[in-house]
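The region 'Disordered' annotation in TrEMBL covers 139-183, 823-845. For 143-165, 830-845, the entry in TrEMBL reads compositional bias 'Low complexity'. The feature domain 'EML-like first beta-propeller' is assigned by TrEMBL to 268-533. Summarising the annotation, TrEMBL assigns repeat 'WD' to 543-575, 623-664, 669-710. Per TrEMBL, the feature domain 'EML-like second beta-propeller' maps to 550-816.
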Amino acid sequence: MKWVCWGEDDVSAESSTEFPDRLSLMEVRLQAQEDEITLLKSSLADALRKLRLHDQQIPLLKQQLIAGKRFVKGITLPLALTRAIQSLSLEDALPESIQFIDETPIKLRGEEGDAFEEEMGKDQTWSSIVEESIQPTTIRTLQQQQSKSSEDSQGSCPQTPTSSSPAPPKEPASSPHGGPLSSIREGEKMLCSIKMFIRGRPITMYIPSNILNYEELRMDLPSQKLELDWVYGYRGRDCRANLYLLPSGEAVYFIACVVVLYHISNQTQRHYQKHTDCVRCLAIHPDKVRVASGQTAGVDKDGKPLQPIVHIWDSKTLVTLQQIGLGTFERGVGAVAFSSSDAGTFLCVIDDSNEHMLSVWDWNKNIKHTEVKNTNEAVLAVDFSPTDTNNIISCGKSHVYFWTMSAGTLTKKQGIFGKYKKPKFVLCFVFSLTGDVLTGDSEGNILTWGKSTFQIMKQTRAHEGSVFTMCVLQGGAILSGGGKDRKIIRWSADLAPERECEIPEKFGAVRTIADVDGEELLVGTTRNAILRGTFSDGFVAIVQGHVDEMWGLATHHTQNIFLTCGNDRQVCVWNAEDHKLDWCTTLESDPSEIILISVVSVGLSTGRWVVLDLQTKEVVSDLTDGNEQLSVMRYSPDGSFLAVGSHDNFIYIYNVTEGGRRYTRFGKCTGHSSFITHLDWSKDGKYVMSNSGDYEILYWDVASGCKLLRNRFESKDRKWASYTCVLGFHVMGVWLEGSDGTDINALCRSHSESMVAVADDFCKVHLFQYPCPKPKAPSYKYEGHGSHVTNVRFTHNDSHLLSMGGKDTCILQWRVKGAGTGDHKEHLASSSSVCSSSSSPENGT
């Protein structure tokens with residue numbers, strides 16, 4: 001999702017509605033081209049690797065085959081396989097369950113010594129290895145099958161195994177990797193691995209030893225569910241008039257797809273969650289209970305546009321009272337306003353179409369009374385006259401329009417600037433107690449318009465830079481908020497200045513003001529903060545958030561705190577219990593990844609990474625690996641190693657000493673043909689599993705010098721301390737049919753190993769059962785984000801899940817509910833009972 005953003009002192013990005021659409025289309029095409037280039041590079045790298053293996057191994061293979069060394073304890077290779085070995089590269093010719101060990105031509109991976117010889121010493125013959133499809137275009141399985149037929153030894157292939165149940169296995173022997181070793185019997189078949197295809201690239205997943213019958217595994221919904229607990233952030237950067245105070249003591253504002261009701265005194269939140277895309281505007285009914293909120297159109301997962309809509313709902317019960325405009329509005333809803341002189345019967349709406357259509361609705365009956373083209377220029381605000389429902393004011397780029405509604409028709413008169421300089425933007429307006437219209441503009445002036453002449457009666461110099469917002473107090477005094485000067489000024493009814501104050505620079509400019517009690521104020525800012533305070537005591541932040549796209553998210557291993565970082569160069573430490581920002585620091589360049597133990601390690605977009613002390617906030621270590629973005633960082637389970645994945649295709653391994661304050665290079669993992677995207681450590685801290693941008697899964701023996709484990713079959717039973725790699729056997733079921741490889745941005749297994757949370761590219765958070773190795777696995781899906789979800793993490797005790805939006809700059813904290821949140825799931829359940837819930841289950845179809 002692409003946003004149209006205003007700067008602090010001008011909103012020229014809104015001057016054309018066509019430009020953002022064209023820009024968005026070009027960005028999509030550019031991203032598609034970049035993806036194709038990445039795949040082409042990876043394919044070329046694969047081809048080069050195969051050629052090198054061909055040059056090194058095929059001569060030796062041919063010599064062994066010609067010399068007649070094709071026998072292992074009575075087993076003969078089929079003639080077809082022999083010819084394939086002679087003509088193809090080693091990787092393509094041999095099934096991945098077979099390898100060459102020194103002078104012994106063939107050996108089953110994972111089966112060694114006596115167990116192998118005992119089972120194979122019965123004059124049995126390898127017949128073939130059959131590839132069977134279990135999901136068209138996406139999943140394939142490699143199967144092993146034994147046959148006593150003597151004609152098989154002459155090269156004839158058996159029939160593809162059917163789906164009938166296999167014969168009961170022999171008592172399993174002990175596997176060298178800890179799992180049961182299935183017997184190889186006459187007529188028996190055993191699944192070895194699964195092949196998953198993403199954008200035409202095959203990805204092999206080896207089945208762990210403890211899964212004896214993959215085809216009969218059953219995927220159920222997880223026993224846990226999520227419930228939205230807290231929303232961090234506020235959308236003040238590019239929206240206005242979006243902060244109000246209700247008589248209940250709750251501040252109403254929005255971010256992403258959620259309207260938040262935050263009780264200032266009790267410090268609690270409630271949430272209106274019926275919107276399907278980003279909320280763009282708010283209006284409060286004259287009864288101070290009902291609320292109207294309008295959303296943008298957005299697109300579905302197939303790129304098709306969705307329809308914008310306005311919700312009218314009860315702020316006490318959070319029940320939706322009416323939905324208006326479905327199929328009427330285009331692109332989004334930019335502004336809404338209730339009438340006030342008739343007890344709020346009508347609702348005025350301006351959409352984001354090219355003509356910025358202005359419509360008036362009897363919202364309770366869902367009847368559109370009238371609609372008219374407004375202007376091709378940006379429209380920023382609209383409201384009814386407080387004394388006459390038939391009079392409507394709208395303003396925006398270089399205009400103020402005075403509308404009159406009569407007999408179902410709207411007519412407009414344009415405000416005349418006359419001898420006064422016409423501003424580039426008229427940003428806001430209010431009605432004085434005398435009925436005059438006061439406008440604030442980009443020149444820093446407040447203009448007083450006659451209520452009947454539509455001409456300027458008075459100009460008052462108010463701010464340096466733009467006047468972003470105005471608010472009328474009960475006694476008739478007026479508040480104005482400035483852009484460049486960040487000032488809040490209190491004016492008398494005749495616009496004589498009375499008091500002023502300046503908000504701290506770190507919070508940005510004043511975006512909107514809400515009166516609390518005539519003295520205390522709530523202030524929304526352009527850097528996505530909400531401040532509370534007075535002119536005499538100053539202002540403190542009660543809501544804060546990031547101001548640019550976020551990707552880095554980490555949770556503490558023993559405490560309920562978490563860290564975030566993003567393109568705004570901020571590293572923020574949050575308290576998940578108190579729902580507050582503990583501290584924040586700004587770095588010299590964009591942080592891209594963050595991890596947390598007793599210290600904070602932050603990877604930057606330049607190849608540089610720093611370590612911060614969690615208590616003192618000081619930089620205790622500063623290192624550089626390459627000159628490209630660092631995409632992932634992980635400490636080993638005991639904290640003695642740090643793995644740093646980079647966009648230069650390398651994983652850098654560091655020794656960690658002095659309680660995380662000293663780092664020395666241990667080695668470098670070399671072998672990926674694309675940038676590193678995800679990595680995890682094994683529970684013993686000796687191995688690393690990694691994913692890359694070209695959908696590759698590699699395993700590394702760190703303890704033996706960062707060696708690449710070419711025999712990936714040997715890692716099928718390895719236990720992993722964390723599971724954040726999006727590609728792997730245990731999480732294969734989270735991918736939908738037809739996924740292009742970028743549809744899942746992140747995932748995280750719970751510490752109890754019973755569930756896995758997934759962040760997708762379609763604004764959704766999913767909750768799956770873990771393990772989840774079969775396609776079309778069912779899941780619960782949760783909405784709330786208005787942009788691609790970039791990251792998810794469980795807190796240290798699995799009590800909460802944190803999800804992070806990209807462009808929506810929103811952090812959602814979900815409470816984990818249900819049985820088994822602390823139970824360790826060792827095996828897949830064959831059946832389970834699922835409780836009914838309002839959560840949306842998804843079957844992966």
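Cβ from N, Cα, C; glycine included.
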- Query: Residues of the same chain, at least six outside the repeat 'WD' (623-664), with any C-beta under 8 angstroms of its C-beta?
  - Reply: 592-595, 597-599, 601, 603-611, 613, 670, 672-681, 683-685, 688, 690, 692, 700, 702, 706, 721-722, 724
- Task: Over the span of the repeat 'WD' (623-664), count residues by DSSP class, listing helix, strand and coil in order.
- Result: 3 helix, 24 strand, 15 coil
- Query: What does DSSP give as the helix, strand and coil breakdown of the repeat 'WD' (543-575)?
  - Reply: 0 helix, 19 strand, 14 coil
- Task: Would you mind giving the whole-number mean pLDDT across the domain 'EML-like first beta-propeller' (268-533)?
- Result: 94
